[in-house]
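Quick notes on the structure that follows.
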Amino acid sequence: MIPTRVMRFVGPAILVAAALVALVLGLLYGGGAAPLLVGDAGPVVRWGLPIVTLGVNLSAAGMIGSLVLALFALRAGERPFDTALDVASISAALFTVASGFTAFFTFVNIFNATPNAGAEFGGQLGRFLVSTDPGRAWALTTLAGAALTVLTFAVRGWTSTLFVAALAIASLVPMATQGHSGDDAGHNIAVSALALHIIAAAAWLGGLLLLTVLRPQLRGAELGDALARYSSIALVAFVVVSLSGVARAAVGIVEPKYLLSAYGVLLGVKVVALLLMGALGARYRTGLISRIQRDEMPSAERSSRRFWGLVTLEIVFMGIASGAAVALSRTPPPVDTRLPDVKTPAEILTEVPLPPELTIARWFTQWDIDILWAFAVGFGLFFYLAGAWRLHRRGDRWPIYRTLLWVLGMLSLLWVTSGPINAYQDYLFSMHMMGHMLLTMAIPMMLVFGSPVTLASRAIAKRDDGSRGGREWILWAVHTPFARVVTHPLFAAAMFVGSLWAFYYTDLFRWTLYDHLGHEWMVAHFLISGYLFVQSLVGIDPVPLRYPYPFRLLTLIGVMAMHAFFGISIMMSSGLFVAEWFGSMGRTWGEAPLVDQYTGGGIAWSIGEIPTLILAITVAIQWSRTDERAQRRGDRHADRTGDAELEAYNAQLAQLAARDARLTR
């Protein structure tokens with residue numbers, strides 16, 4: 001058994017050693033470091049590139065895991081919180097250096113350039129960093145790491161740490177566009193799956209490493225609470241890592257027979273390590289952590305020793321999984337020996353075959369899964385239903401219609417982002433517009449009426465130890481000055497309407513078609529802007545300030561007019577939006593591109609107005625009910641006081657009448 005004070009240093013060392021051993025063995029077995037027949041960059045690059053890539057992954061885990069655990073398990077202003085930020089700062093510095101070396105080795109590996117101090121080599125390296133996708137990705141990652149090194153050292157408060165954590169997570173996104181995910185079939189699924197995979201794995205691994213560092217600073221129940229909170233984070237991370245790994249593997253292994261290839265064997269090593277880590281996590285949650293939380297001696301002491309022994313074992317498995325992951329990324333996936341078909345224009349543009357003609361049946365059977373939004377829907381449904389069930393178990397009432405609306409909204413979001421609309425929106429402008437209208441109007445209405453913030457504030461346990469959990473962060477978010485701005489009806493309306501024009505009449509639309517990250521941004525922006533607009537008008541969730549109903553209704557009327565004008569402008573357009581895309585698909589079915597665009601304008605004008613009309617009716621009904629409640633309150637007050645206000649008013653009138661009578665005598 002390793003002493004806990006030594007564990008804070010030995011833990012990271014064990015991780016690195018296990019990862020390096022797994023990496024070397026994986027490269028030797030899979031051939032990831034074998035010399036190329038043509039254009040080989042040499043052994044330094046062949047071995048150096050995967051080693052520094054491993055350094056990027058491990059340092060990113062230390063950075064993100066420390067920040068996430070600090071935000072959700074520790075108390076700002078205390079020593080463990082500051083230590084977590086110090087660990088994040090050191091990890092960010094290592095992340096920066098490793099990213100810089102990865103950029104350099106990637107350049108040498110791709111262009112087979114001989115490193116030297118000459119101007120020509122420097123110019124080639126500069127063009128690589130500025131003009132190529134891999135170069136830009138690693139340049140952005142390195143710059144983000146440098147900024148994070150400074151920020152994690154400087155910040156010590158809640159809000160600033162949250163901002164830094166968001167930046168740290170964003171810094172991993174460019175990495176997801178690299179490796180095999182950018183070249184394989186199923187590019188979009190691979191990119192989203194890899195992004196989710198590396199972010200969740202970083203939070204899981206980095207949080208565990210931070211606990212080994214903080215062990216001497218946390219005592220008794222405080223340690224137990226930190227372990228329990230980390231366990232919840234690790235459980236979510238385990239689910240994300242597992243499912244995203246399955247999606248990623250499905251892209252690389254298209255037939256079961258390929259599981260016996262070197263690529264499949266390395267993948268199997270990762271899977272076994274993941275399952276073992278999951279089993280250890282289950283062991284923590286089923287008794288050891290609760291005993292440590294109760295701080296029952298000597299039971300707690302024995303449980304603590306057993307727990308940290310299991311932590312050491314889990315770190316070994318994490319190292320094996322990390323090393324195998326990098327070796328897997330350097331191992332060529334199995335190659336389909338069948339001759340590829342000649343690519344159609346649609347495949348050249350979208351990297352996937354043209355879907356079959358859209359029929360009534362395919363509105364329900366044609367699916368194109370977007371794993372990012374599938375995860376969002378899955379977690380949204382799980383946490384909402386878990387919250388409603390928790391209220392039910394303790395005897396509190398939660399309206400069933402709100403639960404039904406939330407479930408319907410989430411399922412509609414899944415249908416739009418992973419169903420026929422997602423399958424056809426790259427080929428039909430009308431389908432793209434229908435998805436836009438549903439994302440900005442129909443789905444937000446159902447989600448807002450589900451009142452998730454109110455449910456969360458009632459269902460999530462309140463913390464009394466000064467740390468922040470989900471409830472504290474949610475309530476903080478809805479009462480910030482930023483929330484006051486974005487929930488103002490005028491701002492929400494301006495963002496809602498302005499987004500329509502700015503998106504379709506600028507290159508933003510083109511960007512979302514050509515870039516998968518742009519597409520994901522589009523979905524998130526439309527959904528959030530629609531949610532904020534609906535929330536500002538009819539939501540019951542807490543907001544910094546409620547505005548009068550007449551003001552809300554006038555705002556909505558203005559939005560309806562601008563929305564209709566937008567749809568008409570598209571219908572009257574004589575040119576095709578992104579003509580080199582929609583006009584070059586080579587479709588032999590459906591309407592002509594310009595006719596289909598006219599249909600899309602009609603959808604924006606007609607179908608888009610239906611939810612707006614429902615909103616207007618809802619605002620009017622809420623206004624009427626508010627007046628009725630005010631009248632009933634006045635009546636009850638009059639009953640309690642014997643209509644004292646009316647009697648006082650009549651007495652005042654009588655006094656005035658008597659005074660006038662005296663003056664006229």
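Any Cβ shown, glycine's included, is placed from N, Cα and C.
As annotated in TrEMBL, transmembrane segment covers the listed stretch 523-541 rather than the other ranges in 10-28, 523-541. Segment contact is absent for the transmembrane segment (602-623) and the transmembrane segment (137-154), given fewer than three CB pairs below 8 angstroms at sequence separation of 6 or more. The stretches the transmembrane segment (553-582) and the transmembrane segment (263-286) do not meet in space: the count of Cβ pairs below 8 angstroms, excluding pairs fewer than 6 apart in sequence, stays at fewer than three.
A contact between the transmembrane segment (226-251) and the transmembrane segment (263-286) is present, since 3 or more of their C-beta pairs, 6 or more residues apart, lie under 8 Å. By the Cβ criterion (under 8 Å, sequence separation of 6 or more), the transmembrane segment (49-72) is in contact with the transmembrane segment (161-177), since 3+ such pairs are found.
Taking the domain 'Copper resistance protein D' (226-328) as a whole, pLDDT averages 80 in the prediction.
Residues 440, 509, 522, 525-526, 529-530, 532-533, 535-537, 543-545, 547, 551-552, 555-556, 558-559, 562-563, 566, 604 of the same chain lie 6 or more positions beyond the ends of the transmembrane segment (482-503) yet place their CB under 8 Å from a CB of it. Taking Cβ pairs closer than 8 Å, the transmembrane segment (441-461) reaches residues 384, 386-388, 390-391, 396, 398, 402-403, 405-406, 408-410, 412-413, 416, 469-471, 474-475, 478, 527, 530-531, 533-535, 538-542, 608, 611-612, 614-615 in its own chain, all 6 or more past its ends.
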